[in-house]
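**Q** The structure under discussion is supplied below as structure tokens; questions concerning it will follow.
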């Protein structure tokens with residue numbers, strides 16, 4: 001078969017219109033055979049091959065910095081032990097470093113925690129006791145790192161590895177590599193922002209809250225940074241799924257407009273099911289981590305708001321440093337909780353929306369019977385696999401989580417304020 005560029009040079013200004021139509025017909029046959037050849041070459045790729053996954057795993061290359069920071073903080077000691085595969089081992093160097101770092105950090109946390117507990121035990125007034133609980137509460141996440149970090153590292157490694165397999169399958173079906181525009185730059189900015197936010201937050205508490213000493217920040221810095229990084233990691237994972245959903249929808253719409261066949265619909269159906277499974281495995285892999293994360297946020301928001309309202313009830317709307325510090329704490333935790341729930345909600349909306357719109361726009365009368373069946377199967381698959389991020393059934397992560405959190409926090413605030421009002425007032429000394 002003559003290549004296109006040689007064929008075009010040979011026929012320029014030398015053939016009649018009838019000959020041109022015949023040449024165009026042969027040219028279409030050549031292009032079709034080229035497309036089939038490329039598809040056959042892609043079908044030879046295997047998502048089980050580590051080297052192939054390494055080539056196409058753009059998501060790992062883009063957010064590698066975030067995983068390195070998690071290893072540096074001894075939170076998630078997972079490593080890229082071989083091409084295309086992320087693993088966790090109790091005998092790895094990353095785990096050994098995590099254990100050593102954790103032991104040293106625990107000594108610092110226990111030293112500061114002992115001082116905070118002694119202060120807590122010396123307090124007799126209810127409001128001051130609640131106020132002192134906040135300082136102790138921020139030390140608690142350090143002690144659940146082995147449970148919510150190392151304990152789920154193996155499941156997280158499986159989830160991260162499945163991203164490489166999905167991207168190989170995406171390339172096989174669409175003929176394009178999955179790209180994540182500006183993700184790498186965003187991760188650099190977010191990572192630096194997490195560190196700076198931790199510094200600014202701690203310094204603001206030192207300046208605003210009485211009894212929060214500057215030397216105590218040594219025990220809190222890695223904890224606050226870990227909280228920020230967990231929120232950033234969840235955002236990046238949800239953004240990756242959202243980008244994959246949008247790219248899959250665009251490729252599906254493009255290919256359906258070119259040729260709508262049963263084989264094409266079936267290929268995209270299995271690819272979409274793989275993406276839906278990836279979304280479900282996100283919640284399952286991090287269920288333990290983010291369940292405790294949400295409980296921590298609920299507790300801190302409740303205590304901080306109560307402390308601020310209690311100050312307002314006692315002293316009026318003066319906006320003292322103590323009130324401002326408590327409001328900063330509540331706003332900080334509320335913002336992280338909102339980002340956590342909102343990014344999940346946005347990503348789940350994109351998983352099925354674009355693909356479903358394309359399926360419903362197909363004229364079923366213009367396609368053959370096998371293609372009609374595949375369209376029905378695809379629509380049924382979307383209905384049977386709703387796009388929901390579930391923390392192993394304990395909670396669905398979406399905007400409804402925010403409304404339920406607000407209602408729960410409001411109930412506890414009412415109970416605490418009623419308890420405060422019922423307490424006998426201390427006699428004032430003139």
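FYI, residue positions are counted from 1 along the chain as it appears here.
The backbone N, Cα and C atoms fix where each Cβ goes, glycine too.
All TrEMBL annotations are machine predictions without curation.
Dumping what TrEMBL says about this protein:
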| type | residues | note |
| --- | --- | --- |
| TRANSMEM | 94-117 | transmembrane segment |
| TRANSMEM | 129-153 | transmembrane segment |
| TRANSMEM | 187-209 | transmembrane segment |
| TRANSMEM | 218-236 | transmembrane segment |
| TRANSMEM | 290-309 | transmembrane segment |
| TRANSMEM | 321-341 | transmembrane segment |
| TRANSMEM | 401-419 | transmembrane segment |
**Q** Determine whether the transmembrane segment (187-209) and the transmembrane segment (321-341) share at least three Cβ pairs under 8 Å, counting only pairs 6 or more apart in sequence.
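**A** Answer yes: the transmembrane segment (187-209) meets the transmembrane segment (321-341) with 3 or more Cβ pairs below 8 Å.
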**Q** Would you confirm whether the transmembrane segment (94-117) and the transmembrane segment (321-341) meet the contact rule of 3 or more C-beta pairs below 8 angstroms, pairs 6 or more apart in sequence?
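**A** Counting Cβ pairs under 8 Å (6 or more apart in sequence), the transmembrane segment (94-117) does not reach the transmembrane segment (321-341), since there are fewer than 3.
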**Q** Ranking 218-236, 290-309, 401-419 by Cβ pairs under 8 Å to the transmembrane segment (129-153), which is first?
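**A** When the Cβ pairs under 8 Å are tallied, 290-309 comes out ahead.
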